[in-house]
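Enquirer: Copied straight from TrEMBL:
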{"type": "TRANSMEM", "residues": "75-97", "note": "transmembrane segment"}
{"type": "DOMAIN", "residues": "113-584", "note": "domain 'Glycoside hydrolase family 9'"}
{"type": "ACT_SITE", "residues": "514", "note": "active site"}
{"type": "ACT_SITE", "residues": "562", "note": "active site"}
{"type": "ACT_SITE", "residues": "571", "note": "active site"}
């Protein structure tokens, strides 16, 4: 019988020997096949299985695994190549842009206030006594007063250094201390503006020069003192023809006549003003801890002396009474106490400065024709503005609030009196306010008022206060800045004479300044006491320009005599220039740069106790 049967569906039916395998063999083969199927296939094996009959001859596509994404290798290369090309193009464009010359928009030129500020500070360089630093930048000045203090047989201690007061060579501590306080106040409020003008280092150096000298005039290392050197040199001409700093007309570098030291043992006004100067400077130099602490210690010693040994430094017909006579020491107690509190944070000083009896003695409730006039003699107005600042920003509350509110209201009234609509003070036809009521040398008072108006305006702005009331009428803060600007503009040349009263500023300014060093040429010739008189009386302009000196100013009719011998018109002073510098920096630069709200309070502790921490959460 044939081994091949017939397939009922057609075709032979072949019987394989494999079909004859036993059931056990088939079971074993099935187990092997399951093991093979359970093994994971690699990518190539999967492609063999998945490929159809027509895919066997095609090239296998390659992929790139990016972790979270699998893309074809060709697309990946296109993307990478595109990114590299874009980076190369961007770099090429950047090189081209940098290579092309650019035309920068020129910075705005400095305003007149900034330009005048540079010059006004130079006046202090011209007034330096002692060994001058190499960078003093006043070519006609040299070392002078190198034996001050040592040459006085009754004193015999060094008083080398400091500043000459005006056009002479006397060193008066009273006005020079006020000048240092004013400069420090302006730096504390407007350090950013000084920095923008490039003058911050310069003004700090001036303040340190003045304070270093003040520290020499008393035993600054002691806690208690009994005397202060108040003055070097004399100026009174009542003694006839005895050589002194007013009778003689000499360059400071050539002085050979005696320069006696005047000491005081009961001088509350002078000591409190010196304390204010050192205290304010300690805030300026708070970045120099050792020096700042030295200033604070000296200020503390001085203020204690001012309270313990009562008296006016210029009493009894002293030499100072002819030039810088102090009318009272109560205003210095309020002023100095305010600065002592700001420098130390000791509340006892604030209690003193806000004592109603102290304010009464200082004249806070008197009124009168000179109320609101801030000067080297009367500091009450400055103290009222300073304490109003304390109320605006810290609001210390009880027990200070009542007197602080009174000072704040009085400050508002004083600011009203500066406005043209009110008649507290007359004005010249040219617009200059007559704070000294037509008396000579008006500009020193004007610049102080301009500074107070500008800084108080900035206080209100910083406190988000749009203005203040004068009676029933509300005035925006801008009118105070306008007042300050009109007065400073007058001084800088916007006046009927079209003359700048700051030497070296503008095209027309005084050329016959009452100043010994500026009026005598530096030609190697030693002119003795009377030998310099020919330069004093000369009709020719000064051979040396005392840059930045603000002269005494015009009269009440806007008239001015550019005559060297008439000091009421042409003599500059330290105190006057300090007020000018303060007003100029307050008005300089962009108006959006206001006062530094916090630096002045750096030593003041929190006015209220810190609240306790919240209790821990309750746990069952």
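If you go along the chain as it appears here, the first residue is 1 and each next one adds 1.
Quick reminder: no glycine exception, Cβ is built from N, Cα and C everywhere.
Describe each of these features in terms of where it is and what it packs against.
Expert: Neighbour count (other Cβ atoms within 10 Å of the Cβ, all protein chains): 26 for residue 514 (active site).
Here the Cβ of residue 562 (active site) has 17 other Cβ atoms within 10 Å, regardless of which shown protein chain they belong to.
The Cβ of residue 571 (active site) lies under 8 Å from the Cβ of 166, 167, 441, 513, 514, 515, 551, 552, each of these being in the same chain and 6 or more residues away along the sequence.
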Enquirer: State the mean pLDDT for the domain 'Glycoside hydrolase family 9' (113-584).
Expert: 96
